[in-house]
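Features of the protein shown, as given by TrEMBL:
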type	residues	note
DOMAIN	506-610	domain 'STAS'
TRANSMEM	80-100	transmembrane segment
TRANSMEM	149-170	transmembrane segment
TRANSMEM	177-198	transmembrane segment
TRANSMEM	259-282	transmembrane segment
TRANSMEM	327-350	transmembrane segment
TRANSMEM	362-382	transmembrane segment
TRANSMEM	394-414	transmembrane segment
TRANSMEM	459-488	transmembrane segment
Amino acid sequence: MSKDAVNSVQAEMPRVSRLVQNQNDERFINHDYRESPPREVMLWLRRRTRILWSYSMVEKCLPILSWLPRYQYSYTMYDLIAGVTVALTAIPQSIAYGILSNLGPEYGLYSNILGCLAYAVFGSVKDVTIAPTSLTAIMVQNVVKELEYGTALLTFLAAVVTISFGALNLGVLVRFISIPVVMGFTSAACLTIGSAQIRSLLGIKTQGKRSDFVTSWTNVFTHLDEVRMADCILGSCSIIVLCSLRLTKDLGEGRWRTFFKYLGLLRNALILVVGAALAYFLTTDMNSPMFNLTGHVPAGLPAFQVPPVSYTNENGTMYSFVDMIGVMRTSIITIPLVTTLEIVSVGKAFSKGKIIDATQEMIALGVSNLLVSFCSPLPVAGSFTRSALNNSSGVRTTMSCAVTAVMLILSLALLTNAIYYIPKTTLASVVISAMLFMVDYEEIGNIWRTKKLDLIPFLATTLACLFYELDYGILVGIGINCCLLLYLMSTPGLSGEEIQLVGLRILLVKIDQSLAFSSAECLRDWIMKRIGQRDDIDLVVIDGHNVHFADTTVAKNFVNIEEDLRTQHIQLLLWRFQSNVALTLLRMRKELFIPMLRADLQLQDAVARWKHLHPLPSDSIN
């Protein structure tokens, strides 16, 4: 390069407005290519510390401080009606899920009471109701078989993990669970939960070693001789009635519509009342009742105790803390993920367009399970069914959760004798009928129509959950999704166009996404392959308009691309790169990349200016 050309380059370097798209970036104007120094990080940490200890943060973490001072008398009736209505559905479902988890029926009620009380204080969505769900019951049932009440430690650890995620603002983790994975998990959970209830529906007393999909059906087919006709008839009729009431809840007009609506909402409670009444009047010999009954439920409030860090079960097997962790395995992580996903999804469903604070919901859920762990091993989550009931009842604040808790306490004090007579087949019918409508069949069809590639994580999650374990199944789905994401990141969309401008034969390379370490070699190999197919290219122009991120590996590969092209007497021009990407390149090798970067609006202007500053050998001869 001639002396005049060198002087031109030096004169051009301060004119940063043509080097990057972000023309007003002060770092370029001041020739400061460094990343943020530690001093700025410390200032950020100090600001965050002041915010964390402010009253506004306390008010955010305790939403009751926001709505309670503004609570209006007119809200009282709405919250009372909503709380009582939810309680009438919560009583049978909590009992059913307590039995489903291999615990006693009372533990479902204990978990519901503490969960509702905690959410009334910490919850930020008025419609959400915290309670045991079919998913939480099915996810702990295998742990309960070994640790029994010691499973309270699992609930405690899951609560700590959830609160930690919320405190660290890690609600973003939920984004890694895609809709196909959620649908696969939900579908498999419904099949597993429904299959586990077939035994009770048929009146079979023998319980399998596990409650997974395969073991449940194996247990049914190997004990068909224990089937009780009375339980079969009552259970089948209960499912038919429950499904009919659900499907007819929108029938009629005016008062009839209101009648069918509330009849549908209270269908679980009605079925249990009818079932318990039939069992009471048809049972003449308590040693040989007509149906398999729920049995004794301890009256009164639960005893509070610290979750055990070591445990000896009824078989005399002793478990140390390490042994208990070995039994729980991945459940310590998957339960927080699944329950967080449930509560955020339920909150979004009833938020009516309002933004849901996922972090606060994680904290509310974590605190709820923390309190639950001191009286029950069964964790809680956001219940879609009861939240829908809460919403339709006109709820105004989370005070309705406190009303529900009071109603559940009264049921433990006054209704334990009635609970004794509830047939297990009726409880099984409540769970099975709920599972029939829990699967979103339309969404599965959308996966097929929209993107068939999503069937891979959907089917993988479903099969892994069905034939292995639910908590591992969702991890399989997340893993496959992450692999697909890495593959897409590693294979950016590249297109090349050969054009001629200002006397130069140019290969224009366009990139449709940001670059990361996994895609760096892909770009380099693609360019060199295209160059190898032609022998008349003077200049390679890489259009970085869509590149918003680049790392060290990418910057190093740009250096290698320049060196590879130079050996073939081809020049490199970087056009329309964002300032943050350009800064990454400049920190790698400033003297190499400053002459390469151009951001003129028109490619012709960028190439013409670059050619003026970089005369080719043929230009020098001329």
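Glycine residues also receive a Cβ, built from the backbone N, Cα and C atoms like all the rest.
Curation plays no part in TrEMBL annotations; they are all automatic predictions.
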Chain residues in Cβ proximity to the transmembrane segment (394-414) (below 8 Å; excluding those fewer than six residues from its ends, i.e. six or more beyond): 63-64, 67, 71, 75, 78-84, 86-88, 90-91, 94, 106, 109, 112-114, 116-117, 119-121, 123, 125-130, 297, 299-301
Query: Would you list the DSSP helix, strand and coil counts for the residues of the domain 'STAS' (506-610)?
result: 54 helix, 18 strand, 33 coil
Task: Across the whole of the domain 'STAS' (506-610), what does the mean pLDDT come to? Round it, please.
output: 89
- prompt: Most CB pairs under 8 Å with the transmembrane segment (177-198): which of 259-282, 327-350, 362-382, 459-488?
  reply: 459-488
- prompt: When you scan the chain for residues with a C-beta under 8 Å from the transmembrane segment (362-382), skipping those not six or more beyond its ends, what do you find?
  reply: 61, 97-98, 101, 103, 107-108, 110-112, 114-115, 117-119, 121-124, 128-133, 135-137, 140, 144, 147-156, 158-167, 170-171, 302-307, 335-336, 338-340, 342-347
Leading stretch by Cβ pairs under 8 Å, where the reference is the transmembrane segment (149-170) and the options are 259-282, 327-350, 459-488: 327-350
